[in-house]
Amino acid sequence: MKKQRIVVKIGSSSLADSHEGISKEQLSDHVAALARLKEEGHEVLLITSGAVAAGFSALGYPSRPVTIKGKQAAAAVGQSLLMQAYTEEFRKYGIVTAQLLLTRSDFSRKEQYSNAYATLGELLNRSALPIINENDSISLEELTFGDNDMLSALVSGLVSADMLMIFTDVNGLYDKNPQKNEDAKKYYFLPEVTEEIASLAGDAGSKLGTGGMKSKVDAAKTALSLGVSVFIGTGRGQEKFVDVLKGKGDGTYVGNAPQKEMKINKQWIALHSVVSGQIEIDAGAATAIIQHGKSLLPAGVTNVSGFFQVGEVVEVMTQQGRVIGKGQCTYSAEELRDVKGMQSQQIQARGERHNYEVIHRDYWVSF
């Protein structure tokens, strides 16, 4: 089996004991299976939930708190306890762990996004196992990543993973709720996430988790768009993750055919960047960009909206108002208003620029 880069996401429901806390037995089971992946020569990143579950009892809560401040307080206590438990277990296998706590803003700010990419790459090069969680104790919005399902998809794209394994307490995707319908049909393989499949996933998670199957399906769709195949399911024992790679996992495989990965800068533009303005273009420019993969030139620009600076991301729309994509603009809004509609030779004659693309094709994402 060739060496692969694997992202494994373990949700709260796959870590919890009967009292809603963290089960040492389950955690040990997961660690043993992750160590087997490493033993087989694979690079492994772990996305783990469970900070709230690990910390609420230490603060005297009788059960998992329901308020945002209660969850964040429990996460602040539980994250260190959770990391300590993982570190002690991985040490038995001689594996060095590293902790990364991320929020949405770490993805939306390009410098932080690039730093996360560089740090993860270096950790993997040094054979460490990164353990990643949302920074629940300071996140501004409740349940930002949906029990880390979307976080796992975004990280898998960031590191160009070969596979994302989302482990939960349900053994895959069904056409209806298997707990309520005996005739529920299980999907063993889905080539893609269609609107029909997305609509079948329920909204509610388990009592212990926050994601539910809908967030897992959404995460799978995002991962596929980034060139990463996905497995959603469950399992026990030391071989469970290796079995997934062998096609023997207890769950649903989604899009396991080779996918074209999206470059890091385009991932940031497509999924994380904040749009600072809009550019309207003519039909010829739209055809050149979408059908022929060309860069956007000033000659094709017909209107500029907003007040953006050089390097900020803008949406691009047709004269009929249809948004066709977005990209990083090499002009400020003021500069672009001054040169819109001009041919490159005209701009060159003014002696103001040596870079004539408004948006270079390497910094463009089509919708």
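Note: Cβ is positioned from N, Cα and C throughout, glycine not excepted.
Taken verbatim from Swiss-Prot:
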- Lys9, Thr168, Asp169, Thr210, Gly211, Gly212, Met213, Lys214, Ser215, Lys216: ATP binding site (BINDING)
- Ser49, Asp136, Asn148: substrate binding site (BINDING)
- 276-350: domain 'PUA' (DOMAIN)
Kindly report the helix/strand/coil residue split of the domain 'PUA' (276-350) according to DSSP, in that order. 27 helix, 25 strand, 23 coil
Could you check which of these binding-site residues, Lys9, Met213, Ser215, sit within 10 Å of Ser49 (substrate binding site), going Cα to Cα? Lys9
In the structure shown, which of the binding-site residues Ser49, Asn148, Ser215 has the fewest other Cβ atoms within 10 Å? Ser215
Distant-in-sequence Cβ neighbours of Lys9 (ATP binding site), under 8 Å, six or more positions away: Leu46, Ile47, Thr48, Asn148, Asp149, Leu151, Ser152, Leu164, Met165, Ile166, Phe167, Ala219
How many neighbouring Cβ atoms, not counting its own, are there within 10 Å of the Cβ of Asp169 (ATP binding site)? 14
